[in-house]
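Please read the structure below before turning to the comments.
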Amino acid sequence: WLSLYACFCYWNKHRSYEWSCRLVTLVHGVIVTCLSGYVALLDGPWPLTHAGSPNTSLQIHVLSLTLGYFIFDLGWCLYFQTEGDLMLFHHMLSICGMIMVLGLGKSATEVNAVVFVSEITNPLLQTRWFLREMGRYHTFLGEVVDFFFVFLFLVLRIGGGALIMCAMVTSPDPSWLLKAGGLAMYIVSLGFMVEICHFARRKMLKK
């Protein structure tokens, strides 16, 4: 991811460093959403019934790919000081959770599902930023991106995340530390939800 970022910086010398970083985030979001979605929905095992099951080789590859991205992005955010405490806490929780799962050799099933419901909105979030940078945010396309971002966040990250969280907590197999981390991650998602609801309310009031 760092090499990809360096390439984007070289190819987009007239753009800001954040532009290149968000391109990396966009690429990661698309790739990992597709891979984690395939693992969670098709390849299996089903996260709502097999929480705490042994890691598969594909799950390990997906989590390793995502772990590398989060380490890169956390370092970038700390260096440029672009994010608040909530996002930094989210990144640190994600890194610790993935390291623990890869080290224990189990529970990648539910963590991979969390990655899917979390990352599926990321490409839309980055698209929104690029539209704003290019002066095209206040268009019909911007409205569509905002709608699907809020809709998918509430349905998958909050609704689907709650189901995954319940499956993880009620299963006897996952580590209690991983359960605590999963609960903390869901609380962080609720914090993001509050910010998104404030944004949606402001936008509706303007209309």
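For all residues, glycine too, the Cβ spot is worked out from N, Cα and C.
Annotation comment: TrEMBL describes 14-205 as domain 'TLC'.
Nonlocal intrachain contacts for the transmembrane segment (21-40), taken as residues 6+ away from its ends with a CB within less than 8 angstroms of a stretch CB, comprise 1, 4-5, 8, 12, 47, 56, 58-59, 61-62, 65-66, 69, 72-73, 76, 109, 112-113, 115-116, 119-120, 122-123, 126-127, 129-130. Look at TrEMBL and you will find 21-40 (among others) tagged as transmembrane segment.
Away from its own ends, the transmembrane segment (60-79) comes close to residues 1-2, 5, 21, 24-25, 28, 31-32, 35-36, 39, 87-88, 91-92, 94-95, 98-99, 101-102, 108, 111-112, 115, 119 of its chain (Cβ-Cβ under 8 Å, at least six residues beyond either end). According to TrEMBL, the transmembrane segment annotation covers 60-79 (among others).
Sequence-distant contacts of the transmembrane segment (86-105) (same chain, at least 6 residues past either end, Cβ-Cβ under 8 Å): 54-55, 60, 63-64, 66-67, 70-71, 73-74, 77-78, 111, 175, 177-178, 181-182, 184-185, 188, 191-192. As annotated by TrEMBL, transmembrane segment applies to 86-105 (among others).
If you look up TrEMBL, you'll see 143-170 (among others) marked as transmembrane segment.
The transmembrane segment annotation in TrEMBL covers 176-200 (among others).
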Which value does the mean pLDDT take for the domain 'TLC' (14-205) in this predicted structure? 90
